Amino acid sequence: MPPAHHGSGGRRRPGRGNKGKRDTEAGMTASPDPGYMRPETHAAPSQQTDVRSPASAREHRNADVGVAAPDALTPNAGEQKEVEGVAKVNVAVSSDQPPDWAPSQSDLPPSLSPTTASRPATSSRSPRARSRHSPVASSSAFSSPAPSASALTSASGVPEAPLAAPELKHTLAADEGNPEPRLEGPVERLHARQENPLTDSSDGSYILLEEGESQRACLDRKNRHLRQTTPPGVWTTADLASQNSHSASFASGFRRALLPSGGSGDHDEQASDCRASLRGMQRPCFGSPSTDTRMGAAEGLPLASRRRRQHWRRELRAFGAVALACLRASWHGMKRARLRATRWIDRNAATVRVACYTFLLLVTSTGNTICFKKMIDKMPNYSPCLTQVTTVVFVPVFFALSLYTDYAGGLPQEMADFPKRNFAVMGFLDSFSGVMAIIGAVHTTGTTQVVLQQSCIVFSLLASIVMLRKRFHAAHYLGALVIILGVLVVKLPDLLHPSSDGGGDVFVFNLLYLLSNLPTAVSCVYKEVAFRGVEMGTNYLQAWVALFQFLIGFLVLPLNALPVLGPQRVPLAELPASLWNGTRCLFGFNTIVTNCGGAGNMESPCDNCEGAWKYVGMYLSFNLLYNMFIIFVVKSGGAALTFLVSTLRLPVTALAFCSRAIMGDRAVPPKATDFYGLLVLILGLVIYRAGGIMKRRAQRRAVAAARGHTSSPMMLTPREEEQIGTIFVEEVFAAGELEDGGVTEEDETDDDTSEVEVHPVFSSVVASEPPHVYVHTKRHSHSDGGYHKLPACGSSPAAFTPFTQRMPGTGSESCSRRRNRDGDDERSPRSHACSFDEETGFAGGTGTGRHFSSPGTALSPNRVGGYEPPSMHAVQPAVIGKSRANNGCI
């Protein structure tokens with residue numbers, strides 16, 4: 001039996017793989033009854049759906065009824081009685097008890113009487129009544145009411161006339177004007193099952209009915225999510241044929257043969273009838289295009305549009321799945337990367353810490369320079385006030401830190417006995433430098449400040465030569481000359497061809513800013529001398545220096561009255577008023593608002609004190625962080641990193657001063673001379689740094705030559721130097737065979753073998769490089785209250801100089817110290833058996849078997865005649881510029 005076309009499923013897509021199954025099922029379900037008529041094969045339904053409104057659909061049905069049965073609308077009384085008689089006979093044949101699913105008489109609405117309930121339904125709305133191939137109406141009077149070739153047979157086998165249609169007319173009328181829901185569907189199914197029991201085998205179609213029901217049950221069990229279940233106690237007019245047709249859109253050939261055939265227009269008409277029959281009901285009609293979400297189409301859309309919409313939704317779901325998979329993969333990748341980064345940081349914690357400190361030092365040093373210029377531009381008329389404010393803030397800060405770090409565990413006696421006059425000298429130098437820097441920065445642009453700050457290296461070189469009698473490598477001098485050349489490249493064009501407006505730079509103020517680096521350099525060298533042989537706490541040092549800088553600052557304020565300052569000059573009588581007006585400006589009150597702001601720097605600028613406290617606070621914050629990260633970098637990575645930061649800060653700060661986003665209206669237009677000058681300055685800094693490296697190599701060659709080492713000094717490893725030079729250091733310094741000539745940065749930052757330590761010091765002004773002080777070898781306290789260290793370039797004291805001599809009358813050598821700290825002799829009968837001096841670090845004997853007999857050395861007899869106080873051999877902090885007679889070191 002060829003399969004009939006589904007009314008709502010449309011044409012099947014190729015490749016479903018059930019064509020053979022459909023043919024097999026069609027052959028198995030052939031009816032054994034010779035009177036059974038095989039349904040005719042209709043043409044394939046059109047793909048275009050007949051879109052009609054509910055009103056037009058009703059008119060179309062009325063027209064069809066009028067054409068099919070023109071005289072059936074006025075039946076006579078005889079036909080009506082005959083129909084009622086046939087209905088009574090059919091009811092009598094059925095079972096006495098209705099099935100369990102049948103509704104009781106109380107559940108039916110009042111409009112349906114028992115007579116109406118027992119009357120066969122003839123509505124043309126039902127697809128089962130409209131199709132002559134319905135398996136439910138196999139051999140009963142529930143076939144199509146329209147005239148057809150297959151006539152209905154009664155119980156006696158005589159063909160009957162088609163059923164009259166008074167109920168049809170009533171149904172149409174109710175459809176048009178009655179808003180109540182129609183309930184003929186369940187009643188029709190009730191009578192269909194009562195009048196067509198399974199024992200009715202008039203045409204043998206009960207086989208189709210039974211197999212169709214079993215197939216439907218199997219399909220419903222497999223596709224439970226497609227079924228619309230009715231809650232118990234609720235009686236709805238679910239269209240059974242419509243449910244089956246939608247729940248089995250891709251059923252087998254046997255299933256499609258059982259379902260009624262029809263075009264796509266039948267489905268739309270059926271959906272319209274279903275909506276009309278459920279007018280006023282809460283539950284939507286299953287199978288209608290507007291509510292059938294499984295079809296994925298709105299009312300009236302053709303099948304092609306519905307399929308396109310389904311494809312679009314599938315593509316959207318696929319895209320969402322791909323996006324979700326990408327997000328999950330990215331998340332897992334980020335987790336793995338974070339885990340690997342954490343492991344790498346754990347393995348290289350020291351390197352990461354030093355890198356972070358160096359980067360933060362670069363940021364804070366750049367911010368310190370920029371905020372200094374912005375603060376000066378905000379309060380240009382109150383240099384005395386800014387000088388004191390930027391100093392007094394740090395006094396309580398560093399005293400609090402010193403109290404926490406130094407006084408908590410008890411202040412060391414060495415720090416308590418350190419002369420406070422040395423702090424006063426340092427404070428005077430720093431205060432003098434700060435006043436000159438703030439006055440000069442008023443009419444010095446940002447890029448010019450960056451260039452002039454590098455002159456501090458040249459001044460430090462000169463101060464070390466004069467005060468420390470220190471010798472430098474030739475590369476140091478060459479680097480200093482290149483730095484001077486870079487400064488001239490930047491400033492020489494302005495000196496030769498000065499502009500009318502000055503471009504923000506005034507020569508006198510530039511010169512003052514340049515000379516402010518000289519006291520800074522002298523202060524650093526003085527601190528190196530003052531703390532030689534003394535271990536000083538950094539916070540304790542900075543607290544006292546800041547205090548003296550603030551107090552002495554009042555004595556240095558008369559520098560603001562210099563006549564060369566022009567409009568920026570503050571007479572001595574007006575200094576107190578200037579301090580008070582500066583304090584008012586700090587909180588936003590303007591004072592100088594008249595006779596100001598003239599062109600050509602002929603008048604002082606007008607006050608613009610709004611928000612001045614913000615810029616002062618920013619500068620103080622960056623300055624404090626800058627000094628803090630200097631300490632971290634020096635302790636973690638060494639002073640060499642501070643040189644790297646100072647070099648990198650040049651181009652970064654110059655670009656920041658040229659940026660209008662950072663400096664606003666005070667941005668400096670970039671010039672070619674500034675760019676070339678920065679390149680020359682960077683080259684000079686690199687050469688100067690290379691001089692320190694070359695000097696260290698020269699010292700290592702000298703040590704290897706004095707040691708008698710045959711191999712190249714450049715091939716010595718730190719382990720070899722430690723093994724060979726344990727006793728050699730004693731010999732070298734005792735015999736005075738090596739001169740210090742200064743200590744390089746590499747030796748200063750080595751925690752294991754260095755003889756000096758670098759301690760950063762506080763600076764309230766902008767310096768070219770982080771200021772620091774060299775603190776030499778550790779202290780050695782004695783009973784007389786003095787403090788002694790082995791000077792880096794001097795002989796050791798006689799009381800702590802071991803030497804070797806032959807005992808009289810014996811052939812053995814004994815190690816002896818003529819006088820120890822208590823004045824008693826200390827001898828040992830064994831060769832090289834002198835005890836290890838824990839304070840000086842000297843071994844008991846020379847260990848080399850060599851004897852030094854040159855006069856003036858530590859082994860000379862005139863050096864061991866008695867105990868000499870250590871203070872005679874230690875460099876006094878207050879003595880500057882005096883050299884030792886024996887080797888020229890201070």
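Every residue, even glycine, has its Cβ placed from backbone N, Cα and C.
Placement of Met379 and Glu528 with respect to the membrane, taken from Swiss-Prot, is on opposing sides. Range 280-300 is the one annotated as region 'Disordered', of 280-300, 301-321, 364-384 (source: Swiss-Prot). Looking up Cys609 in Swiss-Prot gives a disulphide bond to a cysteine among Cys585, Cys596, Cys606, identified as Cys585. Cα spacing between Cys606 (disulfide bond) and Asn581 (N-linked glycosylation site): 13 Å, rounded to the nearest whole number. Within the chain carrying the transmembrane segment (392-412), a Cβ under 8 angstroms from the stretch's Cβ atoms is held by residues 535, 537, 539-540, 542-543, 546-547, 550, 620, 624, 762, 764, all 6 or more beyond its ends.
Each of the recorded positions Asn581, Cys585, Cys596, Cys606, Cys609 was assessed for Cβ neighbours inside 10 Å, and the highest tally belongs to Cys585. Within the topological domain 'Vacuolar' (373-391), the DSSP-based counts of helix, strand and coil residues read 15 helix, 0 strand, 4 coil. The CA atom of Asn581 (N-linked glycosylation site) is located 11 Å away from the CA atom of Cys609 (disulfide bond). Each residue contributes its Cα atom, and for Cys596 (disulfide bond) and Cys609 (disulfide bond) those atoms are 14 Å apart. The DSSP secondary structure for Asn581 (N-linked glycosylation site) is helix. Using a cut-off of 8 Å between Cβ atoms, the transmembrane segment (615-634) and the transmembrane segment (350-372) share at least three residue pairs, counting only pairs 6 or more apart in sequence.
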